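Feature list (source: TrEMBL):
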SIGNAL    B:1-18  signal peptide
DOMAIN    B:22-116  domain 'Copper amine oxidase N2-terminal'
REGION    B:67-87  region 'Disordered'
DOMAIN    B:124-218  domain 'Copper amine oxidase N3-terminal'
DOMAIN    B:243-653  domain 'Copper amine oxidase catalytic'
ACT_SITE  B:D319  active site, proton acceptor
ACT_SITE  B:Y407  active site, schiff-base intermediate with substrate
MOD_RES   B:Y407  2',4',5'-topaquinone
2 protein chains.
Amino acid sequence: MKVTLLSIVVLFWSFAECSNPHPLDPLTPSEINLVQTIVQKAYPTSHNLTFNYVGLDEPDKLKVLSWDSSNPKPEPKPKPKPPPPPPRRAFVMVRSQKQSHEITVDLSKRSIVSTKVYQGNGYPPLTAGEIEEATQLPLNHEPFKESLRKRGLNDVSQVQCVAFTLGWYGEAKTRRIVKIKCHYRNGTVNFYARPVEGVEMVVDIDDMKIVGYNDRYVVALPKAEGTEYRASKLKPPSAPKPKQDHGPGFTIDGHSVSWDSWDFHVGYDSRAGPIISLASYYDVQRKKHRTVLYKGFISELFVPYQDPTEEWYYKTFFDGGEYGLGRFMSPLKASTDCPSDASFINAYYASSDGTPVEIPNAFCIFEKYAGGIMWRHTEAAIPNELITETRSEKTLVVRTVSTVANYDYITDWEFTPSGSIKSVVGLTGILALKATNYTNTEEIKKDIYGTLVADNTIGVNHDHFFTYSLDFDVDGVANSFVKYNFETVRVKDRSIPRKSYWTVVSETAKTEADARINLGSKPTELLVVNPNKKTKQGNKIGYRLIPGPMAHPLLVGDDFPQIRGAFTDYDVWVTPYNKSEKWVAGLYVDRSRGDDTLAVWSRRNRRIENRDIVMWYTMGFRHVPCQEEFPIMPTLSGGFELRPTNFFERNPILETK
Amino acid sequence: MKVTLLSIVVLFWSFAECSNPHPLDPLTPSEINLVQTIVQKAYPTSHNLTFNYVGLDEPDKLKVLSWDSSNPKPEPKPKPKPPPPPPRRAFVMVRSQKQSHEITVDLSKRSIVSTKVYQGNGYPPLTAGEIEEATQLPLNHEPFKESLRKRGLNDVSQVQCVAFTLGWYGEAKTRRIVKIKCHYRNGTVNFYARPVEGVEMVVDIDDMKIVGYNDRYVVALPKAEGTEYRASKLKPPSAPKPKQDHGPGFTIDGHSVSWDSWDFHVGYDSRAGPIISLASYYDVQRKKHRTVLYKGFISELFVPYQDPTEEWYYKTFFDGGEYGLGRFMSPLKASTDCPSDASFINAYYASSDGTPVEIPNAFCIFEKYAGGIMWRHTEAAIPNELITETRSEKTLVVRTVSTVANYDYITDWEFTPSGSIKSVVGLTGILALKATNYTNTEEIKKDIYGTLVADNTIGVNHDHFFTYSLDFDVDGVANSFVKYNFETVRVKDRSIPRKSYWTVVSETAKTEADARINLGSKPTELLVVNPNKKTKQGNKIGYRLIPGPMAHPLLVGDDFPQIRGAFTDYDVWVTPYNKSEKWVAGLYVDRSRGDDTLAVWSRRNRRIENRDIVMWYTMGFRHVPCQEEFPIMPTLSGGFELRPTNFFERNPILETK
């Protein structure tokens, strides 16, 4: 009877399936059924088989490649019939009689090709069925019921247990056991938030019974309130501002922009280009606008080329201070440079004789929906409920493009509903090219300081260092710069078989010298906090920097371009706010001697703790050109994120629908 | 007469402008006009003034903050009248009589507040007008005309010159000079591609005349063919496959996907989740499908928690090998998990008893248009032409979400028309939470191994190491792994005042030991090349890895979890292809002892040069939880890019409209 039923299922599925299988197609339902039938037949019915893994046993790569090369790609249509794929095989791992079996099944021949009993260490993956069974065991386990009663948790139907693999900690002999920890759901579906801490059980998966029990200590059960995430159960607090029914979700009043919870000002300067100021986030819980960033802009863009010959050695440009990232902003076009529904703002600079010059559509502002997910969770473990809550992401982008001669620099400032500010730069346009007699690399006997990208054409090696000025005002003006140093700690407790873990050693920078950072040199997280304010939980209110691409300068420190570009000596610097310290390469950059750079200002080693502070962050791209970048370069992007870190009491977009 | 005209302009603009200026608004056209008038009046008419910089002289930060705090944000409407902003001032840098002047203008009082003649080093930014004038000078300069004739370039109207700042190389005294280099446009608007190499001029900007001339050598002028980028002038080669007029731009045949120039297979495995195979790109120029990636998938996801206490120390999960990233894939929903026009594919795995289980809509596939720019250039320097060519970007995304208990891992494989493959992971879902009696950090006297994220709730510190298996087949099966080591070189030529530059020292890994990389430890670019094929220019055909977030393991090497997770000891490893080496943590991971990891396989130190090779790349997130992540975590994303690098002869999306 059972076999007949199975056969029907197989027949049904065979009918529904693709008639031209690809050799790498995953196993179909009918193939899985077939595996089940074949394997079950091969073992005595008294043996309980658990199918821990059933997957495609891939054909040899060479067979796949040979099949693929003779399988015409979908052009032209109609597609000719492809050659037959290599034989379909399944690789199966079953657990039976406390042993792990590896079985290879030939699906075409409906037979077992090979079997092996695995004698080594370790076990196959847990199955969903095993996990489900194991996590039900505590519900009828008397000691556990007693532990619940001890904690005043009287409704066993509200208990939700989770099975955890427990790894290996040097035991000479292992069993196939897992640890079980339980949660008390009562009042929430977010049971992970309500762990019954201090109690753990050990389950032998092969025997499917509890073989260890430990109720070591009692602590508070976290409350259910505030843990809900289903839209249907949440009463959203009143939105910060009325949403528009039609048109863009943002308003532009002059240069002030309001969108979602964000308010900020989009400034313009002929040298810096776009300037984001007074960015604040309306906190629904606190019912107020909270400041984040007083100002953010690219203070300098240093582009040293790496060809030391007579006609090229001097090319070490400071595109901000020598030319002007704002002056050379390009008019943007809807539908290509920006989405068709973008809004635009013009910019004006003074020409040589002082007359205003308009850059029409110099800024575009648009809501970006890129198919991203703002947050999500699927909860399949709760009996008789399948929860899927997903919030799709929309962000707001302020875009400009600075075309400094050949290069086009796309600068996006992006604001997210969750409180992040991102800045993404895109490099496109045309490479700086050098003519040569070479047409093939074989002719080249010495360094050409770049790549032969076309006949007679070298794309010369260079760097792009974008140095941002980030004047944080995290929930107020007085801020501190904090390094979370990650340090390995040796476990001293002899009862614990684990030897090490990492912890956070928080270090607040007292002076500028404490805040000079080369990213990547040691494991660190960098934050700007408001030391005068704390969350309800007592955490420091902060934002952290999630850095973008890095490229430390490789010129020697006493080389002239590096003296002038000494602000790239570190990736991050922090200085006290000083109105006159705006341009990291100095106010007068053309032919400068490096006597007015950030590196010079910072020598004073001023106090920066609990002050109005400015972070200077350099994002670097090391650029060895390639042929793809000729005659025009596909955009290469990189960006950083300023992300709220204990700035909010809780997820600020929980109530968003 | 002149003054009258100006006044009219000012009046006109005043009328058109925002009536509620923000103190950080950039200078308006009328304000720039006013600056011009006021400054010109203050200087004798015989002085030629060049306005090198005119920008807002920002009010003091405290004044801005005070104004801002009393300026109600746009809620509720109608907006009340804001308080008057601080006085508007402009900061002006003019060049006159070979001196740099700094002038502060009060725009409200229409008067000059202060002036200063700058005596220090350096000069203000070049103006667009100065650059234009300087770049015209060569056209009437006899020695340059002679240089052109010598090179057979007879049409001076086709000459396009560019002014370059020349920095400072230790000269005791500097002048305000720039270098001029010219290009011969004839036949292209992409004049940067046609440099008249070997010739340079020096222009004194203050005197606006050529003060230096050097024709040092003659090399070939690169040809104009192949340099065009305007759609109107390009004849696109026939597209690789017919585009659909309606519906999505991709086709799905079973598990095979075709889109734009890409063909690939989307596989599924209960352990790995999504598997991208046989990714190839149709090269229009070579008229063939060229292989890139034989296979890419997440081989393991190692998540060690960092709490060494009895109930938590063992939590060092291997989500792939212990649970299954595929088995725990979640059904995706259109309009939230994926865009509304996404296509879906189901997945099937075997349950404990071998019966197939369906995950409906386990994959979604969609075209992503995020408002990005594929490439662009604005060319404003050519007389009587303003060129703006921009190609907006559309990519193809294959998305899955693996929900391993509390965590939701979003995995996007993204294909770009320019030949890149990106993989972006997003972390969301619910933190692993530990109950505690603490409700405020002030009560805490010892390490809690995490962050107090809510009352009685600790979010425990942990890492996420995504280890990818990337079986490259770059234009064929036999590949090599190449490191571009960036090295600083001292300039030896005494005639060159620059002291250093960096160069690329290419190193091909011979054996596995040569290919173990800790990213960030030294400046490197990592490539996989086909050593048997070269571009027309002779460059090795390759792809490079642009890495994503890094987090090196911090457990001690002899700690049990790190022995089992030893594949994270390096960020990048390369091994010869071996069908049995698929799972970096071993085939049997639950309770494994680390005797079947990548680190063990790789001890053999096999040859990997010009072989079928596999790269193992780990993307790491170090995760100190924060309150924002409770009760559910806003997505934290990171991704890497595999980018063609001399794989194509030239920009492969040049002809795209």
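Note that Cβ sites are derived from N, Cα and C of the backbone, with glycine treated the same way.
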Whole-number Å value for how far B:Y407 (active site, schiff-base intermediate with substrate) lies from B:D319 (active site, proton acceptor) (Cα to Cα): 10
Three-state composition of the domain 'Copper amine oxidase N2-terminal' (B:22-116), taking helix and strand from DSSP: 23 helix, 29 strand, 43 coil
Model confidence over the domain 'Copper amine oxidase catalytic' (B:243-653) (mean pLDDT, whole number): 96
Cβ-Cβ neighbours of B:Y407 (active site, schiff-base intermediate with substrate) (radius 10 Å): 23
The domain 'Copper amine oxidase N3-terminal' (B:124-218) - residue tally per DSSP class, helix then strand then coil: 28 helix, 29 strand, 38 coil
Cβ-Cβ neighbours of the residue listed as 'active site, proton acceptor' (radius 10 Å): 26
